Every structure is written in structure tokens, then in C-alpha cells.
Amino acid sequence: MGRSRSRSPRRERRRSRSTSRERERRRRERSRSRERDRRRSRSRSPHRRRSRSPRRHRSTSPSPSRLKERRDEEKKETKETKSKERQITEEDLEGKTEEEIEMMKLMGFASFDSTKGKKVDGSVNAYAINVSQKRKYRQYMNRKGGFNRPLDFIA
């Protein structure tokens, strides 16, 4: 009763037939790939249309270097106009000591007053915006010792 029963010969036959089919299929696939390789290796020269050097197409938009030059010129013009706007006048010099006048000439301002809440020319009038970004976590899956750990937050 405790003996294991031997398999029936029918099952053996089925299995052997399936393995021979698989063997045959593998052999066919190998021969196909060889034929494909032979066909591929006929011409050693690269295809005419597929040249290794990138093709240059004439574009209507100006090249990046020209754009950069144009931007630089515009920046210079704006800087020149701003420097002309902020000239020290006689009214600014009234009631100032010699040190303050020298400081105005050097730095462009006379005192260290706070500009908080005041509109100042030339400053980028940017306001703090609360940007909520998606949290990023370190990867622990698909690496050694990864599954028994909680996800670590990357600040």
C-alpha cells in the first residue's frame, strides 16, 4: 500500500513526443537565424542612405549662436539705459555728509534703509509661492535587502 505507483507508458510516450517536437522546433529556429545571418552578411558596406555623419538641413530659424548674440546685445542695451536712469542728482546730495556722498558715488545708494514693503526699481518683483512637490522615496525594491524596510523619504 505504501508503494509509489509507476507511471503509465502512455504518459511516457506523450512526454517524449513533446520533447522531440520542442527539439525539432529549436533546431528549425537555429537554422533560420543562421540563414538570416548569412543573408545579412552579404554586403559589408553600410547602406547608402544611412550615412554615419548627421545630415545638415537648412533651417529657417536662426542658429542658437546667433540667438545668443542677439540676447547679449539686448541685455547690454537694457543695462546701459538703466545705468543712465539712475544718476545721482543735486537733490540727493543735499544734507549728506562727505562719507555718504562718497558712498553714493561708489555704490549708488546713500544709506542702508530697508526696502521691505517698498517698490524698488530694478528688482524682480517676485513673490514667494508655496509650491508643493511630489514626495520622492528611495528605491528598496529590486535591490539587496530591500523588502523588509519601510520607504525612506528623500528630503
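Just so it is clear, glycine is given a Cβ too, placed from its N, Cα and C backbone atoms.
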*Swiss-Prot tags one of SER65, SER123 as phosphoserine; which one?*
SER65
_Looking at phosphoserine as annotated by Swiss-Prot, pick the matching residue from SER53, SER61._
SER61
*Count of other CB atoms lying within 10 Å of the CB belonging to SER114 (phosphoserine)*: 6
*Intrachain C-beta neighbours of SER132 (phosphoserine), sequence separation six or more, cut-off 8 angstroms*: none
*Provide the three-state secondary structure of SER132 (phosphoserine) computed with DSSP.*
coil
*asked:* According to DSSP, collapsed to three classes, what secondary structure does SER114 (phosphoserine) have?
replied: coil
